[in-house]
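Trainee: Feature table excerpt (TrEMBL):
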- 566-658: domain 'DYW' (DOMAIN)
- 114-148: repeat 'PPR' (REPEAT)
- 216-246: repeat 'PPR' (REPEAT)
- 247-281: repeat 'PPR' (REPEAT)
- 350-384: repeat 'PPR' (REPEAT)
Amino acid sequence: MVHLSHKFSTIPINFIPKQFSKHLPQQIPSQITPPFIPFSQRQNQRSLLESQLISALNCCTSLTQIQQIHARILRKGFEQCCYVLTKLIRILTKMEIPMDSYAKLVFNQVENPNPFLCTALIRGYCLQGHVKESVFVYSEMRKKNVLPISFTFSALFKACGVVNDVDLGRQIHGQTILIGGFGFDLFVKNSLIEMYVKLGFLGCGRKVFDELPGRDLISWTELIVGYVKAGDMESAGELFSELPKKDMVAWTAMVTGYAQNAKPREALEFFERMLNEGVETDEVTLVGVISACAQLGAAKYANWIRDTVENLGFSPTRCVVVGSALIHMYSKCGSVEDAYKAFKVMEEKNVFSYSSMIAGFAMHGYAYAALELFHEMVKIGIKPNKVTFIGVLTACSHSRMVEQGRQIFESMEEKFGISPGVDHYSCMVDLLGRAGCLEEALNLAETMPLEPNGGVWGALLGACRTYSNPDIAQIAANHLFELEPNAIGNYILLSNIYASAGQWNDVLMVRKMMRERGLRKNPGCSWLESKKGVIQEFFSGDMSHPRYGEMKQVLEDLLNRLKAIGYQPNMNSIAYDVSDEEKRRILITHSEKLALAFGLLDINADFPIRIMKNIRMCEDCHSFLCAVSQITRRVIIVRDNLRFHHFHDGKCSCGNFW
């Protein structure tokens with residue numbers, strides 16, 4: 001018989017080879033007997049260790065740290081613990097580590113993954129854009145009879161929204177019904193509404209919403225935002241009015257929605273109601289209402305929102321987001337000086353504030369100021385972004401600075417590592433077209449590495465109007481009719497080009513196309529702020545204004561005075577084959593002329609007349625306002641849909657180049 005020597009008495013029993021175990025004495029020496037630990041205490045120790053591992057994973061900031069904690073997980077025997085491994089996979093996802101290279105390998109080692117672990121892997125694949133893989137994991141968990149949880153479906157619905165796959169979304173929607181138990185799950189239903197709304201299936205989202213037995217703020221807000229994005233502010237407003245309890249998010253959705261859908265007055269009304277209700281506001285709300293003020297272009301509202309912003313504690317000197325929005329607002333309201341003051345007092349300036357100010361200088365024709373600011377931001381180490389370059393190239397375009405524009409365009413990728421986007425090519429086509437380089441502009445549009453959009457061809461078509469080139473205009477228009485079949489402005493512009501060239505048969509052809517497609521021209525509209533702060537609107541040819549008789553007399557007097565200094569109406573501004581007398585009648589009732597007449601009657605001579613217009617100003621109105629500024633000694637500022645024109649002493653800030 002082989003006896004154990006004394007030196008083996010301290011070796012743990014599970015380390016003794018099996019062939020010797022039969023020789024062990026019946027009575028194990030007390031010094032090698034494992035201490036007895038109650039089950040509850042062992043459970044507490046395991047729970048404590050789980051918590052320590054979870055905390056350690058939360059603190060990881062690198063892949064190396066994650067691997068170290070993973071090694072500890074294995075050493076401590078937690079390689080099958082779904083709770084800890086779920087956290088591991090979520091941390092790997094957060095660190096953007098490819099799922100197949102690590103997380104999937106960890107998952108595959110688990111014999112019985114629970115729903116949370118499966119969902120962590122599904123969510124990781126979804127966030128990394130691998131929707132097929134996430135669906136495969138879902139299918140495998142169903143084969144193993146692992147029931148999904150709310151987070152499983154919410155992750156899959158979000159993935160369908162990212163890849164724009166409504167058919168897959170509907171199949172997963174069907175799964176929630178087949179499996180059952182999710183009909184009353186608000187979290188799943190809200191994710192489903194969000195998916196349908198994002199994919200543009202508002203009707204499906206509304207049906208899910210209407211069938212909900214209970215709703216929360218998220219349910220209401222998701223659908224309201226959906227209607228806002230679709231431009232259906234009427235439906236959004238109806239839902240908002242039915243919302244039992246309205247929070248800041250819902251109010252902000254309505255304010256920004258009206259602003260984004262070109263309803264600035266309604267946006268301001270909602271914001272005032274929001275303030276009266278005592279609802280808290282944040283930067284998003286304020287940016288939305290500031291945008292509404294910018295659209296109106298009225299000094300009254302601009303000054304009011306500036307004071308409101310200060311009172312709410314969002315001073316532009318300290319809040320860079322609000323400060324940048326105010327710069328844009330003042331620029332759009334015709335006061336680039338106030339915009340620059342807001343810019344100068346900002347304690348912190350970033351790429352957005354610089355870009356806003358550069359765009360402000362550009363739209364007012366101050367190209368050299370825009371370029372100077374651009375070089376300043378580069379010098380102090382603020383890297384320009386894509387929006388910055390759009391502002392700088394626009395400044396060059398509006399001032400015929402062709403060589404400077406070419407150099408800046410080339411520097412985007414060479415110096416700053418920014419690949420030009422389609423909007424930058426649009427700026428270059430506009431720059432070349434405005435300078436009369438139509439063939440070069442056409443060649444750039446046809447050879448650019450990206451697919452040209454409506455902005456590119458629209459810039460070329462506009463240049464053809466300036467330089468009366470119907471041949472290139474037809475090429476640009478054909479592309480526009482395919483890209484934007486319902487954009488009536490393109491048809492009108494082509495018609496005007498044909499009319500200027502005397503090609504009346506082609507004019508009739510374009511108008512026939514418009515009729516066949518059911519397109520109607522939006523009437524020219526101009527508005528300005530009266531001295532009492534009331535916004536006055538004027539439509540071309542509209543004689544219904546209460547003071548029209550006085551305005552007509554003012555215009556007739558101006559015409560008589562202008563004829564004395566050589567002014568003659570530009571008949572080419574009317575694209576109709578009618579008599580010269582009829583053309584004169586149409587021209588004198590253009591909306592900006594009506595607004596000017598009211599401004600001369602209502603606004604004191606010490607203040608500029610600021611006119612906003614919804615479409616581009618015609619050549620005749622431009623020359624008319626230039627001459628009026630000379631004979632009246634008034635400063636006239638007009639914002640059309642392209643830029644600002646500052647008329648003073650018979651000259652315009654655009655240098656007759658717009």
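Placement of Cβ uses the backbone N, Cα and C atoms for every residue, glycine included.
Unlike curated entries, TrEMBL annotations are predicted automatically.
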Trainee: From the DSSP assignment alone, can you count helix, strand and coil residues within the domain 'DYW' (566-658)?
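Mentor: Going through the domain 'DYW' (566-658) residue by residue, I get 38 helix, 16 strand, 39 coil.
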Trainee: Quick test of the contact rule: Cβ under 8 Å, at least six residues beyond the ends. What residues does that give for the repeat 'PPR' (247-281)?
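Mentor: That would be 217, 220-221, 224-225, 227-228, 231, 233, 236-237, 240, 287-289, 291-293, 295-296, 301, 308, 312, 535.
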Trainee: Looking only at the repeat 'PPR' (350-384), report the model's average pLDDT.
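Mentor: Averaging the confidence scores along the repeat 'PPR' (350-384) gives 94.
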Trainee: Per DSSP, what is the helix/strand/coil residue tally across the repeat 'PPR' (114-148)?
Mentor: 26 helix, 0 strand, 9 coil
Trainee: How many helix, strand and coil residues does the repeat 'PPR' (247-281) contain under DSSP?
Mentor: 26 helix, 0 strand, 9 coil
Trainee: Could you break down the residues of the repeat 'PPR' (216-246) into DSSP helix, strand and coil, giving a count for each?
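Mentor: When I sort the residues of the repeat 'PPR' (216-246) into the three classes, I find 23 helix, 0 strand, 8 coil.
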